[in-house]
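As structure tokens, the structure follows; a few thoughts come after it.
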Amino acid sequence: MTARLLIGAGAMGGAMLDGWAAEGRSDLHLWDRRAADRAGVARLTAIADAAALPRPLAVVLAVKPQAAPEVLAALRSQLRPGDLVVSVMAGVGLAALRRGLGEGPDLVRAMPNLAAALGRAVVALSASPALPLARRAEAMALLRALGALVWVEESEMDAATALCGSGPAYFFRLAELMAQAGEAAGLPATAARQLAAGALISAGALAQTADVADARRAVTSPGGATAAALARFDHEGRLAALTAEAVAAAAERAAELARELETLTP
Ligand SMILES: NC(=O)C1=CN([C@@H]2O[C@H](COP(=O)(O)OP(=O)(O)OC[C@H]3O[C@@H](n4cnc5c(N)ncnc54)[C@H](OP(=O)(O)O)[C@@H]3O)[C@@H](O)[C@H]2O)C=CC1
Ligand SMILES: O=C(O)[C@@H]1CCC=N1
């Protein structure tokens, strides 16, 4: 069984630990500056301790992209040929990971989301075309407990980040605004929040069983209340335009993180 080392246990790393805990794994190691201790997870006192971990070793990098140069530099000399490094850092490309970590480890990029804690994320994956299938399978085995896996080209990773990494926040924002609008329409604040969040949960559940366009059509009675709302959303294509603009902004920010990293990399 491959030992696992997670570096960075903030929001995303913590969610992955929760997802793996549900798998009942006993070979989890963690390095983080200050995350709380967790049952069943062995804390390293320094990244340098990674050298002594059992092999084969899979390292998952979940620090902020801005911390990448420092963390990659500390990790580089601790890795051995055959180690697998999976990075969930937005905007940190395979080339930057390779420069930072050297030729030893095999590399995979992954873009999960916070539903990894519940095993309900969708995770975009990319790797060099030269990465053998067996190593891809190892990365998939590592991430399977976190949710559904979708391979994309590395050139598509920023767009994938804008959808699956950031995407949950878009729906949460809409639910926040729906709650505000519900209150303005006369509901008590608590009920408005419960109903808006409930609608989000209901939509998520339905989206698991049907194509989203079909599900939308099923909700929309001809001439009914939903149709009235959707007509406003779609008036002159404004929701489509706004959504396209927002997704492009997220993808562009991921690309920009990569450019910023170039200036940080020694
Ligand atoms: N949040 C999300 O929904 C998603 C995040 N990601 C990616 O996951 C990564 C982590 O994001 P997120 O969990 O939100 O961020 P957080 O800031 O919540 O977590 C980062 C963690 O790494 C720790 N850390 C360890 N070493 C360092 C170091 N040398 N410098 C800085 N931090 C360090 C931080 O410690 P400290 O608290 O002391 O700074 C913190 O615990 C990012 O690269 C992001 O792009 C990907 C998909 C979704
Ligand atoms: O906002 C971010 O940059 C990270 C990546 C996707 C979700 N959170």
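Including glycine, each Cβ sits where the backbone N, Cα and C put it.
Straight from TrEMBL, the features:
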type: BINDING; residues: ILE7, GLY8, ALA9, GLY10, ALA11, MET12, ALA62, VAL63, LYS64, PRO65; note: NADP(+) binding site
type: DOMAIN; residues: 6-91; note: domain 'Pyrroline-5-carboxylate reductase catalytic N-terminal'
type: DOMAIN; residues: 154-257; note: domain 'Pyrroline-5-carboxylate reductase dimerisation'
Which of ALA9, ALA11, ALA62, all binding-site residues, has a Cβ with the fewest other Cβ atoms inside 10 Å: ALA11
Helix, strand and coil counts within the domain 'Pyrroline-5-carboxylate reductase dimerisation' (154-257) (DSSP): 89 helix, 0 strand, 15 coil
Averaged pLDDT score, the domain 'Pyrroline-5-carboxylate reductase catalytic N-terminal' (6-91): 94
Fewest other Cβ within 10 angstroms of its own Cβ, chosen from the binding-site residues ILE7, LYS64: LYS64
